[in-house]
Amino acid sequence: MKSPPAMDPEAPPGTPPDDEQEEKRGGRKGVPWRMTLSLAYQSLGVVYGDLSTSPLYVYKAAFAEDIQHTESNEEILGVLSFVFWTLTLVPLLKYVCIVLRADDHGEGGTFALYSLLCRHARAALLPPGRAAAAAGDDDDLFDAGAGAKKAAPENGNAVTLGGRGGGAAASVRKLLEKHKVLQRVLLVLALVGTCMVIGDGVLTPAISVFSAVSGLELSMEKEHHKYVELPIACIILVCLFALQHYGTHRVGFIFAPIVITWLLCISMIGVYNIIHWEPTVYRALSPYYMYKFLKKTQRGGWMSLGGILLCVTGSEAMFADLGHFNQLSIQIAFTCMVYPALILAYMGQAAYLCRHHTMESDYRIGFYVSVPEKIRWPVLAIAILAAVVGSQAVITGTFSMIKQCTSLGCFPRVKIVHTSAKVHGQIYIPEINWILMILCLAVTIGFRDTKHLGNASGLAVITVMLVTTCLMSLVIVLCWHKSIFLAIGFIVFFGTIEALYFSAALIKFREGAWVPIVLAFIFMLIMCIWHYGTIKKYEFDVESKVSINWLLGLGPNLGIVRVRGIGLIHTELETGIPAIFSHFVTNLPAFHQVLIFMCIKNVPIPHVRPEERFLVGRIGPKEYRIYRCIVRYGYHDFHKDDMEFEKELVCSIAEFIRSGSSKLNGLSDDFDKDEEQQMSVVRTGSIRMLEEDGTVENTVGPSHAREIQSPSPSPTPPPAAAVGVKKRVRFVLPAASPKPNAGVQEELQELSDAREAGMAFILGHSHVKAKSGSSFLRRFVINFCYDFLRRNSRGPNYAVTIPHASTLEVGMMYYV
């Protein structure tokens, strides 16, 4: 006889309350003032390192050969006026007051805006098996309660969108959903912004560190400092990238004090210079001086805007790093600390130059010439540290952006190392780190001056801002349901300002601005090829899948036997049987007593709550013990290790069996076997699984196998009991749950027996080739480019930590 069902009525450990889960997801709404002030303090070291070091190179870049030096101060006051109003309108008005409110469940950045739009209109072009292709299937992850039932169709679009709005929102949404070209434009915009952020990850460390080190020229002869400046900058950059694998959290505690010290330092120097050299410099705060500047300098003044726009370098980090803080903390830090310090610093530099503009070399030297000689060395040391901090934030942001692209199937899979057990957003990507270091050293050695580096960095910065402006205008209509005239006003006002700066940066294409364009083109090409190949591979999976009827009818034809254990088949499909499995079972007619088709689904939202992670359904009659499980992850979610994930997966199946969800999926005699069955959201944590080693009685011997019968096979009588040392598995049910019936007990018992016997992973290894008769371009992209990227990229996350002894790899040729 079988042993009693492996279940004990015991209460599971309590799940964290909603507030704690919200805290873990990064949505810090309603936090106390003490916590907000603490986050504001921390944000100074993470978010504002790049923005706070911009005074090192803005004036030097603005006056680099574009403006003729004259006896008057109009050019200096004009540049100051542009700097003041640019800082006021772009970081303060646009980002702090408007863009920060467009968060995607607490997350910010280009892809956050894109995913937000995709949930309010069916505009996503990402492969549905790898990401939820559109809207409705995402919002329910936050709103649906545990155990709520919902369909999981192939395209992921069956759920009705909530809060879709009417009027202008409905018109814009219909326009996006109707025209595929507009959907492609939307995706290209998001990818362009992402590629420019990656380019900024190359250029910002170079210009920040090089500008900080350039202060050595004041203490050395002109012919000597150029031989010292470049090696020191390169050594600092190599050390910066070499320390990335330790993680931000190990040195993060010194970041905020360094940035605060730097901001206090430049603001006090600014106040000193204003009082000592030119107290009336405040006149430049009038926009009239911008008009006088452009009128007098004309083309030279317009070209100098490419250097002036560097004053807002790092503004995008306020939005991109939103997930680590909250809106109020970032707003407090900028308005109370960063903005006043920067304005005073720029005014102080202008005040000094007003008295020393007759010295032509002063325009070349930049920030350090305005620093009193007695404190120049301490300021140099603080500036280098602040530049390192700013570069660290940009590099970390680049890692996060690439992780988002990888999760959504837009970038080849790379190794992602989580450097902090507490803060999942702190990651390290070795391959990208060394690529960034090589490119950063290349542009530093190649240019060797802030003029060309500034031109390159400026174009990357302003392009990201233009992309954000375009996406935000759609968010205003589609997501906020505001008037379309408000959205037009937003894009016209900020778009005009940014287009003016963009034209000034683009005109310097030959003088360094070509670098971010080339970098963006290369990364864009990689993303598009990977995206195209991934879509074609998924389409082949959909076209080649076999029906459930085929699987249920295998027994009489092939003599399929069931072996002990759990067979876990990974598939990209949310419905149907993948061609990989049909290829496997027709060549080896046997599979496990419990079969699970698992689909890892990356949805375009930042986080999926644990209770919403698993969707479970049944394939075929209950007696076949074949299940489908869809595991959903957000683009900022942390993938657990294999052992913990296996336990959660088995517990989700057990909870599906126990909760009675299987009754909704039960089959009647007239059930259409080709029909895809309903999936259920299964809350994990209510059932626990205990695994113990010990001497127990084996109720099923090693020769246990049975042939599939149709429609209702009966298990082969178990052989005589044997005694041995093995792992014992039992499920612990909640104390308040009713006693399960005999059918549920039997199914749970068989699941525990299968878990005791072990789990085997059946993975597909596909070789992708272009179809015969394809064009040369398609053959080149698929057979060479995509195949090269696939062979040199990492395997899927779920396959990295799987024990090799438990893996069956099935090879198959995909003709796309």
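Just so it is clear, glycine is given a Cβ too, placed from its N, Cα and C backbone atoms.
Whatever TrEMBL says is automated annotation, not expert-curated.
Look at TrEMBL and you will find 1-16 tagged as compositional bias 'Pro residues'.
Feature annotation from TrEMBL assigns domain 'K+ potassium transporter C-terminal' to 565-814.
Summarising the annotation, TrEMBL assigns region 'Disordered' to 1-28 (among others).
If you look up TrEMBL, you'll see 698-721 (among others) marked as region 'Disordered'.
Cβ atoms under 8 Å from those of the transmembrane segment (185-216) belong to residues 50, 53, 56-57, 60, 110-111, 113-114, 117, 123-125, 176, 225, 228-229, 232-233, 236-237, 240, 313-314, 316, 320, 366-368, 371, 376, 379-380, 383-384, 386-388, 390-391, 394-395, 397-398, 401-402, 404-405, 410, 436, 439-440, 443-444, 447, 450, 453-454, 456-457, 460-461, 463-464, 467-468, 470-471, 474, 515-516, 519-521, 523-524, 527-528 of the same chain, restricted to positions at least 6 beyond its ends. Annotation source TrEMBL lists transmembrane segment at 185-216 (among others).
What TrEMBL lists as transmembrane segment is 253-275 (among others). Tertiary proximity for the transmembrane segment (253-275) is limited to same-chain residues at least six positions away from its ends with a CB under 8 Å from its CB atoms, namely 41-42, 44-46, 48-49, 52-53, 55, 281-282, 337-338, 340-342, 344-349, 351-352, 370-372, 375, 379, 382-383, 385-386, 389, 392.
Among the features that TrEMBL reports, transmembrane segment is placed at 300-320 (among others).
According to TrEMBL, the transmembrane segment annotation covers 332-354 (among others).
Annotated transmembrane segment per TrEMBL: 375-395 (among others), in sequence order.
Per TrEMBL, transmembrane segment is recorded for 427-447 (among others).
Within the same chain, residues 90, 94, 98-99, 102, 110, 113-114, 116-117, 120-121, 165, 168-169, 172-173, 186, 189-190, 192-193, 196-197, 199-200, 203, 306, 309-310, 312-313, 315-316, 319, 484, 486-488, 490-491, 494-495, 498-499, 501-502, 505-506, 508, 513, 516-517, 520 sit at least 6 positions outside the transmembrane segment (459-478) and bring their C-beta atoms closer than 8 Å to a C-beta of that stretch. The transmembrane segment annotation in TrEMBL covers 459-478 (among others).
According to TrEMBL, the feature transmembrane segment maps to 484-507 (among others).
Tertiary proximity for the transmembrane segment (514-533) is limited to same-chain residues at least six positions away from its ends with a CB under 8 Å from its CB atoms, namely 125-126, 191-192, 194-196, 198-200, 202-203, 405, 409-412, 439, 443, 456-457, 459-460, 463, 768, 781-782, 785-786, 789-790, 816. Positions annotated as transmembrane segment by TrEMBL: 514-533 (among others).
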In contact by Cβ distance (the transmembrane segment (300-320), the transmembrane segment (484-507); 3 or more pairs under 8 Å):
yes
Same-chain residues at least 6 beyond the ends of the transmembrane segment (375-395) whose Cβ lies under 8 Å from its Cβ atoms:
45-47, 49-53, 56, 200-201, 204-205, 208-209, 211-213, 215-216, 218-219, 236-237, 240-241, 244, 248, 255, 258-259, 261-262, 265, 269, 314, 317, 321, 367-368, 433, 436
Summarise the model confidence on the domain 'K+ potassium transporter C-terminal' (565-814) as a single mean pLDDT, whole number.
71
